[in-house]
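Okay, structure first, notes after.
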Amino acid sequence: MTEVKSKETRAPSSARDGAVLLQAPPSRGEAEGIDVALDGLLYPRSSDEEEEEEENEEEEEEEEPQQREEEEEEEEEDRDCPSYRPGGGSLSKDCLDSVLDTFLAPAAHAAPWSLFGPEVPEVPVAPMSRGPEQKAVDAGPGAPGPSQPRPGAPLWPGADSLNVAVKARPGPEDASENRAPGLPGAEERGFPERDAGPGEGGLAPAAAASPAAVEPGAGQDYLHVPILPLNSAFLASRTRQLLDVEAAYDGSAFGPRSSPSVPAADLAEYGYPPPDGKEGPFAYGEFQSALKIKEEGVGLPAAPPPFLGAKAAPADFAQPPRAGQEPSLECVLYKAEPPLLPGAYGPPAAPDSLPSTSAAPPGLYSPLGLNGHHQALGFPAAVLKEGLPQLCPPYLGYVRPDTETSQSSQYSFESLPQKICLICGDEASGCHYGVLTCGSCKVFFKRAMEGQHNYLCAGRNDCIVDKIRRKNCPACRLRKCCQAGMVLGGRKFKKLNKMKVVRTLDVALQQPAVLQDETQSLTQRLSFSPNQEIPFVPPMISVLRGIEPEVVYAGYDNTKPETPSSLLTSLNHLCERQLLCVVKWSKLLPGFRNLHIDDQITLIQYSWMSLMVFAMGWRSYKHVSGQMLYFAPDLILNEQRMKESSFYSLCLSMWQLPQEFVRLQVSQEEFLCMKALLLLNTIPLEGLRSQSQFDEMRTSYIRELVKAIGLRQKGVVANSQRFYQLTKLMDSMHDLVKQLHLFCLNTFLQSRALSVEFPEMMSEVIAAQLPKILAGMVKPLLFHKK
């Protein structure tokens, strides 16, 4: 009765509903340390441990039973010791406290070292050796709760205080089910049960404990390591397991509870990150309320821990309150050898060690050296980055994922992204001609552009180009090279190529694999220059620049006296060579091969004159500033030679074109888009067979012209005016080309009388199409109405 009264006089703590403060006996001479390992959380190492690791595992297993027997004998001697004062509580209460003392007392200390900043402050704390008088004083209205210790209380030698928040039991039936038959209940152990109150059935907040005072010895430091906040159900259940198991091992008549152990993978679900994303109470070394554990020893467990009556899940418990103070968990650790997880990775854990909250074995993680100390971090990557964003951010990238599938992914955390050829998907060897490609596609593009190859697709211009089938259709392969933005002169921009390689690696880090249909979007990203030394060029314009034909020579002999017939004959041969270049250029033009083959032939026959005159005007503008007509490098007509020719009026009409280029200062990008639109500038009256594809293609090149205008002009008004001027220039080409067609047809009809030669191809085109064009059987596409 005396013992019951002394317990009733103690007021229950108001720090947490359903929480019971576990106190130690009044006095202890010495306490033995038992291995407590946080498997998968922290594995600090010291110099003593490195020496002990060299011992054989068999010797450690033989020493374990002897140490356990010695611990039990010393605990029995402590109960019979004269220094033991039974007035501090009942016998069962003292047994319970002795169990806690045994788990919490270290036997020695390892070499000191610190990891995460400042040492743990030395704050006096209420010892576990307080008597009932002190407990009664604490129960007063003005006395601090268990979370606020008395600074003047004497310290219990060789141990720290432990405040554990235990889940309140919902009722007698649940309490009887959760403990083994014959085991004493909460009242029999020496402390009363508390009502759950409004929070019955919920979780008691974890570890609202007082800051534990640490009294280091001479030259002794403490490892102050913040770890994940744990669910209160985990702490409460683990506390009950520790109490019951130790009571069974202390020689009681009741055997240990036979409960299936919970896999370590399930325990990781009990940790939860801070609710509001703010910095936790353990950031920057601040000292907050925490659970502190000191342990020392090296040993391999031999039996699985009996933990929880049944396999628990987070859904079985209510979520802890998030509005109040965030629960925290700190640990002061010394030598602790991580026991292997049960299963395929090694022997099961012992009942003396805390279960791990990591789902991966420590062997999967590479050791980290922080501040000169060798340590292995075993936190799961997902939980660590969500729960502890403020914990050493520079080192979070070294934490491996806790699953095998993530480690076997295409791009592991220690490997560089693979460079993929944008043409065939093979491994790229570098940035060739402005695009990241392999060596095979590099050589193919160079030979195709420098040679006189005329590739034709045997299918529908949609052949698959990959590593295996890239040699099947060179036409589709070359078209894909041009669409990707390969330019034969791109190798001159070495600085741009280096920038493209860097950006390609950045794109590969964000997207592990580049799909074939994403080539254009990726090319657009690669074409951007951050330093603005090389202006941004849209990918389509880059393709147009790459397929632009080279300059063709007329083969005119300037040493001979010039006659009207010889000049016209030279111009006809030059037109035939340029017509071949137009055919080759049109095949490489993006979208043109998607049209019907008859439509392709018709468009070339209707527009060849426009394309050749427009290109001649551009050469005159670029090479001679519009002062002469630059037909070819070996055939340039100045004003005097124009007057001496038989077509001086036509020369004056053609001369206006380069002068307009000079007045408008047309850029190369604008010229390339306008030239592509001139190919699509005239159609038959009845329309084309693939009219819808034609309209879509023409619309796309009009958009490209707008983009080209936007490269130089700033503002909507300026862009609109520029677009109006350029489209008016293209509309004026119809009148100029009509005059040239009429002169060409008349010369062709009178070729024998004028002694003018016409090549075979030119003769066929003129005889078949010029009469239809001059008869008005075609439809010119105008941007503006006359």
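Glycine is treated like the rest: Cβ placed from N, Cα and C.
Feature annotation from Swiss-Prot assigns compositional bias 'Basic and acidic residues' to 1-10 (among others).
If you look up Swiss-Prot, you'll see 1-420 marked as region 'Modulating, Pro-Rich'.
Sequence annotations record features per position, and here Swiss-Prot assigns region 'Disordered' to 1-95 (among others).
Positions annotated as SUMO cross-link by Swiss-Prot: LYS7 (among others).
Per Swiss-Prot, compositional bias 'Acidic residues' is recorded for 48-79.
Annotation source Swiss-Prot lists region 'Disordered' at 110-212 (among others).
If you look up Swiss-Prot, you'll see 143-154 marked as compositional bias 'Pro residues'.
Summarising the annotation, Swiss-Prot assigns compositional bias 'Basic and acidic residues' to 186-197 (among others).
Look at Swiss-Prot and you will find 203-212 tagged as compositional bias 'Low complexity'.
The region 'Disordered' annotation in Swiss-Prot covers 252-279 (among others).
The feature SUMO cross-link is assigned by Swiss-Prot to LYS294 (among others).
According to Swiss-Prot, the ubiquitin cross-link annotation covers LYS294, on the basis of similarity to another entry.
Residues or ranges marked as SUMO cross-link in Swiss-Prot (evidence: similarity to another entry): LYS385 (among others).
Looking just at the zinc finger (421-441), the mean pLDDT is 88. Summarising the annotation, Swiss-Prot assigns zinc finger to 421-441 (among others) and lists sequence analysis as the type of evidence.
What Swiss-Prot lists as DNA-binding region is 421-486, and the listing cites sequence analysis.
For the zinc finger (457-481), the list of distant contacts is 423-426, 435, 437, 440-441, 444-445, 448, 516, 519, 587-588, 590, 593-594: same-chain residues at least six beyond its ends, Cβ to Cβ under 8 Å. The zinc finger feature in Swiss-Prot is assigned to 457-481 (among others).
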Just to be sure I understand, if DSSP states are collapsed into helix, strand and coil, how many residues of the zinc finger (457-481) fall in each?
8 helix, 0 strand, 17 coil
Secondary structure of the zinc finger (421-441) by DSSP, residue by residue, totals 3 helix, 7 strand, 11 coil
